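**Q** Shown below is the structure under consideration.
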């Protein structure tokens, strides 16, 4: 906002110097108010970035000259504009008020502004501080992440704003009040569990505007766990269904065995159907030879598990507890059985 650049004639620079010497506060001299009531003290002005700021100076008929300065730079002297900034305009120049406006305010406009007046006796000044508030904005946040259960995870969320925003992390995939909250730019999770997967929300808030909110998804991989495998009783000639339900990330692949034989759709009138985390083995016309123990095997890249399920006829005495266990196995998962054995533990 300087005035003694190449765009101005040398005589204008002389005028500026004269103004500073005659009635404006020289650079380096402390600001003083003259008397306690004139010019009237001004409150600080607070505006949001992009808004307009109005700086008002209350004067009276004792004033012979008046000017607005930003630090040591003259913006206006009377009705004469000295600032080259098109955003700075004069609003009011009357015997009782001298006001300017700064349009589309930005953070570099923040700072002290001085209304300097000349009376018959001596110069007097009044200072106002312009405060520019900036809504919160998240500038950098972690990408979605996939980890194995038991690993450590660190999420980052960096935000800017004026005043400096408060950054809060919250786990969205749990009931309200049950998920942990971290008031920090970094969210650190040690020995992560499968129930800590889901969306995490970063919120940046400074009360200037609505909070800026971004989300990060954490996927936790874990080996299969068979959560449901129920023995089924059915009469000869009826339809029988064995069901096996497994939880796993990535999703488990299923195989069915009877003793050492891997079963497949179409074999002896059976059908295997896999839908998501559930696999079913259907017998459309149960015969005596179909009765017995079947093994459901669920696998993914992290591990393998199995459960024993029994198809039985009327009057059979069956242990009500199904055998579900982790297991080791040598299998061709997408082809024919190469070798098959289980070690339960």
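Each residue, glycine too, has its Cβ placed from N, Cα and C.
What Swiss-Prot shows for this protein is this:
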{"type": "SIGNAL", "residues": "1-27", "note": "signal peptide"}
{"type": "DOMAIN", "residues": "39-126", "note": "domain 'Ig-like C2-type 1'"}
{"type": "CARBOHYD", "residues": "44", "note": "N-linked glycosylation site"}
{"type": "DISULFID", "residues": "57-115", "note": "disulfide bond"}
{"type": "CARBOHYD", "residues": "70", "note": "N-linked glycosylation site"}
{"type": "DOMAIN", "residues": "136-219", "note": "domain 'Ig-like C2-type 2'"}
{"type": "CARBOHYD", "residues": "140", "note": "N-linked glycosylation site"}
{"type": "DISULFID", "residues": "157-202", "note": "disulfide bond"}
{"type": "DOMAIN", "residues": "223-310", "note": "domain 'Ig-like C2-type 3'"}
{"type": "DISULFID", "residues": "244-296", "note": "disulfide bond"}
{"type": "CARBOHYD", "residues": "285", "note": "N-linked glycosylation site"}
{"type": "CARBOHYD", "residues": "293", "note": "N-linked glycosylation site"}
{"type": "CARBOHYD", "residues": "306", "note": "N-linked glycosylation site"}
{"type": "LIPID", "residues": "322", "note": "GPI-anchor amidated asparagine"}
**Q** Using Cβ atoms only, which residues of the same chain lie under 8 Å from residue 157 (disulfide bond) while being at least 6 residues apart in sequence?
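**A** Long-range Cβ contacts: 138, 140, 141, 142, 167, 169, 185, 186, 187, 202, 204, 214.
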**Q** Work through the recorded positions one by one (44, 57, 115) and name whichever has its CA nearest to the CA of residue 296 (disulfide bond).
**A** 44
**Q** Sorry to bug you, but what's the C-alpha spacing from residue 293 (N-linked glycosylation site) to residue 44 (N-linked glycosylation site), rounded to the closest Å?
**A** 83
**Q** With DSSP assignments reduced to helix, strand and coil, which class does residue 293 (N-linked glycosylation site) get?
**A** strand
**Q** Name the one residue among 57, 70, 115, 285, 293 whose Cα is closest in three-dimensional space to that of residue 244 (disulfide bond); these are the recorded positions.
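**A** Closest recorded candidate to residue 244 (disulfide bond) by Cα: 293.
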**Q** Taking the Cβ of residue 285 (N-linked glycosylation site) as the reference point, list residues of the same chain whose Cβ is under 8 angstroms away and which are at least six residues distant in sequence.
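**A** Expected: 237, 238, 239, 269.
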**Q** Per-residue pLDDT averaged over the domain 'Ig-like C2-type 2' (136-219) comes to what?
**A** 93
**Q** Tell me, in order along the sequence, which recorded positions from 57, 70, 115, 306 have their CA within 10 Å of residue 293 (N-linked glycosylation site).
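**A** None, since no candidate lies within 10 Å.
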**Q** Measure from the Cβ of residue 306 (N-linked glycosylation site) and count the other Cβ atoms within 10 Å, all protein chains considered.
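**A** Total other Cβ atoms inside 10 Å, all chains included: 26.
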**Q** Taking the Cβ of residue 44 (N-linked glycosylation site) as centre, how many other Cβ atoms lie within 10 Å?
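**A** The answer is 10 other Cβ atoms.
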**Q** Specify the secondary structure state of residue 44 (N-linked glycosylation site) as given by DSSP, simplified to three classes.
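**A** Residue 44 (N-linked glycosylation site) sits in coil per DSSP, no helix or strand.
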**Q** Counting every protein chain present, what is the number of Cβ atoms, excluding its own, within 10 Å of the Cβ of residue 244 (disulfide bond)?
**A** 29
